[in-house]
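For reference, the structure is listed below as structure tokens.
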Amino acid sequence: MEERALSCLLRSRPTMEQDIKASYLMDHMVSDGVLTQDEEDGVLSKATRKEKDNRAYVSFYNALIREGYGTWPACFYTDLPQLSPEGGKSYWTGISPTVQVKLSEGGVPQRPTVFVNRPTLLTQVREKLRRLQNAVGWVTVFGMAGSGKSVLAAEAVRDHALITECFPDGVHWLSVGQCERAELLVRMQSLCFRLEQGQSLEASLRPPGSVEEARERLRFLMLRRFPRCLLILDDIWDINSLRAFDIQCRVLLTTRHRDLTDSVSGLRYSVPVESGLDEEKALEILSLYVNAKPQNLPEQARRIVEECKGSPLVVSLIGALLRDFPDRWGYYLRQLQKKQFQRIRKSSSYDYEALDQAMDASLQVLDDEHRELYKDLSVLEKDVKVPAKVLSVLWSLELEEVEDVLQEFVNKSLLFRDCNRRPYLYYLHDLQLDFLTEQNRAQLPKLHGKVVCQYQRAYTEGPPTSGDEEDLYWYRFLPCHMARAGLSKELCSLMFSLDWVKNKAQLMGSAHLINDYVEYSAILDREFQEFLSLNGPQLEQKPLPDVVQLALSQPCCSEVYRQALLQAQRSASRGQLYLDWVNKSSLESLSRLVVHPQQSSVYHTCFSRDGSKIASCGASSTLRVFKSTSGERLQEIQAHDDEILCCAFSPDDRHIATCSSDRKIKIWNVERGTLIRMFKEEYEEQVNHCQFTNHQRRILLATCSNDKIVNTKVRNTLFGHMEPVNHCCFSPDDAYLATSSNDGSVKLFEVASANEWKTIQVAQYFPESDEETSITVKCSTWSADGARIICAARNTAFVFDVATLGMLLEIRTSRLSTVQYCQACPTSQLLALALSHYTVELWDFEVNKKMAECSGHLSWVHCVQFSPNGSLLLSCSDDQTIRVGPAFSSRSGPLSGQTDVSLTTGDMPHRLMVVSFFPTLTSAIPMQVLETPSGNILATLHGHTKTVHHCLFTDNGQTLITSSEDATLRVWKWMTGECRVLEGHQEPVRKFHLLGGSSSSPMLLSWSFDGTVKVTLSKLHDLKCHEAAILSGDVTPGEHLFSTGSADNSAKVWSCTSWKMEFCLSGHKACVRSCRFSWDDRRLATGDDNGEIRLWSMLDGALLKTCAQNTKDCMDSFHGGWVTDLHFSPDNKVLVSTGGYIKWWSVQRGEALQTFRTTGANLKRIHASPDFKTFVTIDNMGILYILKQVEGRL
């Protein structure tokens, strides 16, 4: 041994003899091959020691790490000796340190302490893995539980040549197990996080919000960053979990089901694992446990192997018991034999004849106290790893005591420890947990109740918030413990706590919350579930929005609102800002119906032709039909063997067609739920879409599939596409069929002749794309008159003229989203887009204007449909819900039913005046002067021919001044209707200001899109302020300066006396849409179209602060859209801004104080009361918001 290594050992020897249990370390050293069994016996029985070489020192160091001896390994690290070269490979694994690091970073489990090689199986697995060197595919290791599949998979990749030649990009291990969709998403998120390590902060992404999004993220990572890596999926149970990882990569999976990979793409190989070890291997395991040679084992050893049929798990359990009591061979054999023909659990999911006997025998060696502690583990969930801190709470023991107890369980193979994570996580094998659950079945409610009681004692101040493994366990499983303990009252109290909602949403996302409310819906009220459903997209954002502020928008009679108001009042007394929407009671719910048709993703939904029914289908292979008014279920049909991708009503509503991943097309009788006809040999790949003709005169069914050539059929095959076809739809007159394909095109076929009529190459409108990122056209839809065809690809919808094939319009949504489905309204020019960022957008495709954004879904929206009369909108999502609500024409607010509404306020002596203006079909634009709070109409004024942008009452309230899109200003005597027209601007007048309003010679300062500022009334000045349009302006309260904000990305400050420019403020990267002076004339706030707000000094024009959140939102903005208005508080400490939502900012710090999210978007203006405690605004859906600051209460 090197002298420095020997010296380090000698220096540390006295302290080590007190701290370290040598027998445990020597188990690892025997496993590493540096000690023999005889040498270990000699060390244990003699005071002297045998000379060790350098390898023994390294083995000793690694054993310290495996046994978790804290800081001890660090003491020896610097003196590690250099080993003699052995081809660059580690002597204990046969692989190089570089590869060993790859396996460790990929989460590959360590080799168990007692390990027996199975060379035949290892050779088979490695040989199959080598076949994936140049092609993606699957290697399945299958066998019954406890047969050693996971150990075999981990050992197979401990091969230097295999990793360096076939998988140089690494190996990544993921334990899947039995899990619901939400839990599967968590596992996929963790894998995404691991794979994205090392990327820059700018490149880092938020966690994927759905399984589909996670799958696409993993597909991208595997393609771009790890094209030659191996993904190991441990313990896959079902086909849905497996499909989530069908991402065109190399996969090794362990499972109990041999045929799981039959439905995935790529090469497929399998390796069966026998259920038990042969006698030689089983005896070898026992010999390692008892430190004896196999030939020296007593006869009872062979009989134990025979009784348990060589089960690796049972042999390991008995071996661990014998390690501490080597003379109990006969005793443990008798324990097995006594119950050989009396199986304790005839209903067990595991058909192991000796498992329960072995488990019972292993418990007998525990003392009474530890046996009771072990019984508490009956409440754990399968495939869940628990940190020691959780058990410290459960057992009321110090953490160090808990770790000692767990170490004893691990040493006796009663528990497993994940050493790849710190702190260590502990878990039971499925067989052990199954045994414990059955043995303590009568006591399970009491045991779950104990968990709840101990949690309540430990967290008297409220739920934990640190976000470590312990916290995550409580947030995931505390509701489960309460439900299984029968503690309904406690469960309701927990789930109706906004603190719990806020903390869990922040740590785990809203999908987990919704899953809890769905799972325990029989116990819980639906109020909180609806609150989360409506606010799910916000709860997925980072940083997490203020949950209390979101809850204040709930109905005043709800428990959600009551709790939120109490919390807001307490927080307001400490200086925190909250706003109460005081007039929300006058607004009807915009969500008429929410249906949870199934416990899986909903892929498609549609109205019947008379609008009275809704059909839905999805991942559950079940077709369901509901009443569109109440959600009452009318029919439920187990329609296919695999997920159903589409369903469609016939024109007479008597039949409904379904198509599926099982390649079959079926037609059903709606009333009876019986199968009318089945087509099962039309296609060789999954059938993506089906649709009947629109009229009854000749009923035809069109279908399309993933086949490469024969992929579209009506009566005959329609040839044209050479790639899968995703969608097909008939024109309104049924003369043509439009098909949308992965080849980047939309084709129009003549239905009568089945000939191709026209082709639209959509891919050409994405010049930045390349071969690796081909353009997929998701779907298409016809306008009501059939003159236009609209198709969706990526985040864009294109409107084409059918006659000329010319593109008329390009509708682009958020760059962070994709259009999943589109449909044109059958009665208007509205277009509905279903998006991957959880929303539905409504656009007017005549003018390319977004009319509304409908939120509420918690995951990707797969489909959206208008009702036949165009009044209702139907959508479905991965969040397992269907939503029915009014279409935009019926989604107007309390002020107007028109498409554009604005307001302004005048500060009158005794009342607040509100003026609303909206375009009509006539040439004159009506304006209404309303009295509040009564809402009485005091006057209606006609004169402007286009939208009115701004208005102002004079101090005496007798005169009203307005500016308009028609480039004019008008001065009204509003009580009589008398009007004076001021002309001069060449383009729309956005705003104006009355200078010296109380003087005898006031001046009217106005600014326009033509880039000029004009001074009219008593004096006349024309200023050319910008080359581009002036979008905003303001005047200081002292009226000595005025500002202009322009489309040239700059703002300028001018003198009101010399009319010369004082400052040019540059730095914005988008149009300066708004500007506002502070009340003390010392600051100017400017807001741009990126959602950024800047604060400037009016002393020298210097930039003081930039107000913006850390990341852009789903609308590619820092503010949900353009910053359209700004206001300072009277003390100049707070700034309020409008955009896609309303935000309040600290002027001193530039940080957001609060955010209020409106139902609609595109807020144009906000009006603040003189005390800055009441705010009035209106969204693009015509909804009026009167917000009042919540007063504090002790």
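Just so you know, glycine gets a Cβ as well, placed from its N, Cα and C.
Positions annotated as domain 'CARD' by TrEMBL: 1-52. The repeat 'WD' annotation in TrEMBL covers 637-678, 718-759, 854-884, 941-973, 1023-1055, 1065-1106.
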Whole-number mean pLDDT, the domain 'CARD' (1-52), equals 61
Per the Cβ under 8 Å criterion, with at least 6 residues separating them from its ends, the repeat 'WD' (718-759) contacts 685, 688-695, 698, 700, 702-712, 774-782, 784-786, 789, 791-793, 800, 802, 805, 826
Per DSSP, the repeat 'WD' (637-678) contains 0 helix, 23 strand, 19 coil
Taking DSSP helix as H, G and I and strand as E and B, the repeat 'WD' (854-884) has 0 helix, 16 strand, 15 coil
Secondary structure split (DSSP) over the repeat 'WD' (1065-1106) reads 0 helix, 22 strand, 20 coil
